[in-house]
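As recorded in Swiss-Prot:
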BINDING   40-47, 176-182, 201-205, 270-273, A327  GTP binding site
BINDING   S47, T182  Mg(2+) binding site
DOMAIN    32-355  domain 'G-alpha'
LIPID     G2  N-myristoyl glycine
LIPID     C3  S-palmitoyl cysteine
REGION    35-48  region 'G1 motif'
REGION    174-182  region 'G2 motif'
REGION    197-206  region 'G3 motif'
REGION    266-273  region 'G4 motif'
REGION    325-330  region 'G5 motif'
Amino acid sequence: MGCTVSAEDKAAAERSRMIDRNLREDGEKAAREVKLLLLGAGESGKSTIVKQMKIIHEDGYSEEECRQYKAVVYSNTIQSIMAIIKAMGNLQIDFGDSSRADDARQLFALACTAEEQGIMPEDLANVIRRLWADHGVQACFNRSREYQLNDSAAYYLNDLERIARADYIPTQQDVLRTRVKTTGIVETHFTFKDLHFKMFDVGGQRSERKKWIHCFEGVTAIIFCVALSAYDLVLAEDEEMNRMHESMKLFDSICNNKWFTDTSIILFLNKKDLFEEKIVHSPLTICFPEYTGANKYDEAAGYIQSKFEDLNKRKDTKEIYTHFTCATDTKNVQFVFDAVTDVIIKNNLKDCGLF
């Protein structure tokens, strides 16, 4: 009699097994759901990373979606040349050819209507082409660290012939280069390596930061973007503040925040291509007066990496996963995101007791 297992005991054992199985299934499901928060100061490349996820994991932009970016490409191109011309006045740079002053006046007369209508009329394209070819305009462009200018300025202006054609349809690369300030929170979903990603792109300008906080709960990992090339620039919203210093301040507050004790922090030192071009003629001491190394890519980039990683106050328990990126280079982002995903899988399984 004592050795007989009662029906109640059998049922209880079965219930227990089901609960264990459900818990394990829930754990595995939780391990497959990834909430990624993209953080960083304004213009650090967060939105470009989101666009790359669409290209890499969601079959990219359709022809119709690319067409919808046409007006943004035109606006970015017009705004860029206008910013350079305005800066010439402030920096007291003359046109190489004095007749370009008439073109500048015409630019400002035509620009407003063109932007409102999302078009690039032939007369405006010709004006921009002549201005961009001027030696004085090029001299001002080479001093762009002294004023606010889109990173994509040269990309669009050098390709004006193609962009201004009547049958122009933006390419994926054109779309990647577009700049639209992110306001609020943009959510993207995709699946990769059997993981279901929810990626949140959050506006980086100071006025946007108060909107971040309610996104923080249950975050798997934070990708923090830094524009390496911003070491010699000031903020658009505060011309006294160096952009790299602002980025470091923000990273410090995120990395050492009690909310993120168990959150993987992935650091994207972005715009490495622009940094490599710039470091040769614009010394790192502009940002870090104590720097004594060479103004060469490897040494200077390594120094910036150590400055950010040294902000981590929990080095013994928290690792920062750093990658050098070029957000407009699809192959580079694909390679880096593959490595990031492997880290997330490992850490997720560990958290769920499955590793």
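Cβ atoms here come from the backbone N, Cα and C positions, even for glycine.
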Which of the three DSSP states, helix, strand or coil, fits L176 (GTP binding site)?
helix
Out of G40, S44, L176, V202, which of these binding-site residues is nearest T182 (Mg(2+) binding site) by C-alpha distance?
V202
Restricting to the binding-site residues V180, V202, N270, A327, which ones have a CA within 10 Å of the CA of S47 (Mg(2+) binding site)?
V180, V202, A327
What count of other C-beta atoms do you get within 10 angstroms of the C-beta of A327 (GTP binding site), across all chains shown?
26
Quick check on the binding-site residues: of S44, S47, T182, N270, whose CB has the lowest count of neighbouring CB atoms inside 10 Å?
T182
Give me the non-local Cβ neighbours of L176 (GTP binding site): same chain, 6+ apart in sequence, Cβ-Cβ under 8 Å, ordered along the sequence.
T48, K51, Q52, I55, A327, T328, T330
By a simple count, how many Cβ atoms lie within 10 Å of the Cβ of V202 (GTP binding site), its own Cβ left out?
19
Per DSSP, to which secondary structure element type does S44 (GTP binding site) belong, with helix, strand and coil as the options?
coil
From the DSSP assignment alone, can you count helix, strand and coil residues within the region 'G4 motif' (266-273)?
2 helix, 5 strand, 1 coil
Quick one: give me the count of other CB atoms within 10 A of the CB of V180 (GTP binding site).
10
Quick check: in three-state DSSP terms, what is T182 (Mg(2+) binding site)?
coil
Measure the Cβ-based neighbour count of G40 (GTP binding site), defined as the other Cβ atoms within 10 Å of its Cβ.
25
